[in-house]
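This report refers to the structure that appears directly beneath it.
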Amino acid sequence: MAIETLYDSDADLTIIQGRKVAIIGYGSQGHAHAMNLRDSGVEVAIGLREGSKSREKAEEAGFKVLTNAEAAKWADVIMLLAPDTSQAAIFTEDIEPNLEDGNALFFGHGLNIHFGLIKPAENITIGMVAPKGPGHLVRRQFVDGKGVPCLIATEQDPKGEGRELTLSYAAAIGGARAGVIPTTFKDETETDLFGEQAVLCGGVEYLIMNGFEVLTEAGYEPEMAYFEVCHELKLIVDLIVEGGIKNMNYSCSDTAEFGGYLSGPRVIDASVKERMKDVLTDIQDGTFVKRLVANVEGGNKELEDLRAKVNSHPIEQTGSQLRDLMSWVKNPLDATA
């Protein structure tokens, strides 16, 4: 059965246009949501913590900038787009004391609601609007008259308006131009975390590093190893994004395609799939989130230790040197770039 997909013709933009929306956070997604909502005729204010470096950017863009608490008190709909690990504290300290009956609290990701780290009162609508693309793409597509597909969900709906309100919001940021897919907080959260951990971040990251180690330990030059197991990955991913795995195989040489069919299952075999299932179980039963919370409460020490270990891997030095040769590659970690 085809998944339900909603478009502009299904949405009532006047619903969100009749609300005051506070965007908490002015990062990649916060900036895009705020700009698109404003361009769609919605009254928007930005909520930021005292001393935030984003205040000047938001003010230069012409937004009313308030503290998180002031924004929560002012708004009818509050979209919490701060980092996952900061959201519970922001909610407890700034948002919860200022919520009123009938307010709506929205999220761009379901983690804090699904795992009970944030528990709004029963008279608050809890919704999610999650564009499936980075903020700069959400904004650029909107300006071009297009949009990025969005997921929407409602976890708590005391007034029976959650679906219409989230759909209206999604339409206002351009999502309904491309397609809006209703889901649940549970499904969005668990699939998102699994994708990040088993494939997109954890899986690919360690596949690259292990491939680099195999080649260099066999005596090949680090530069050659980097080109073959890391640099060319973007070419492959772009082909998959554009037309699926079939398109990638079609676009590769017969040698690469044949070798991939033979060796892929040797590297990613049934035992890997079983361990991926273990990762999913840890997500579903809350094991991962408990460790995430413990890390935050411990001052991010475990995260910093893990980050330092990966950042010291030899592939990082090799990659940095080679990227200096590539005029078309911009290093986002280089503030002068």
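Heads up, the Cβ atoms here are built off N, Cα and C, so glycines get one too.
Among the candidates G127, G133, G135, G145, the residue that Swiss-Prot names alongside Y26, G27, S28, Q29, R49, S52, S54, D84, T85, S86, Q87 for the NADP(+) site is G135. A count of other CB atoms within 10 A of each Cβ picks out H109 as the most crowded of the recorded positions R49, H109.
Around D192 (Mg(2+) 2 binding site), the same-chain residues at least 6 positions away in sequence with a Cβ under 8 Å from its Cβ are H109, G110. Here the binding-site residues are S54, Q87, and the one with the most other Cβ atoms within 10 Å of its Cβ is Q87. The two recorded residues, T85 (NADP(+) binding site) and S253 (substrate binding site), have Cα atoms 44 Å apart.
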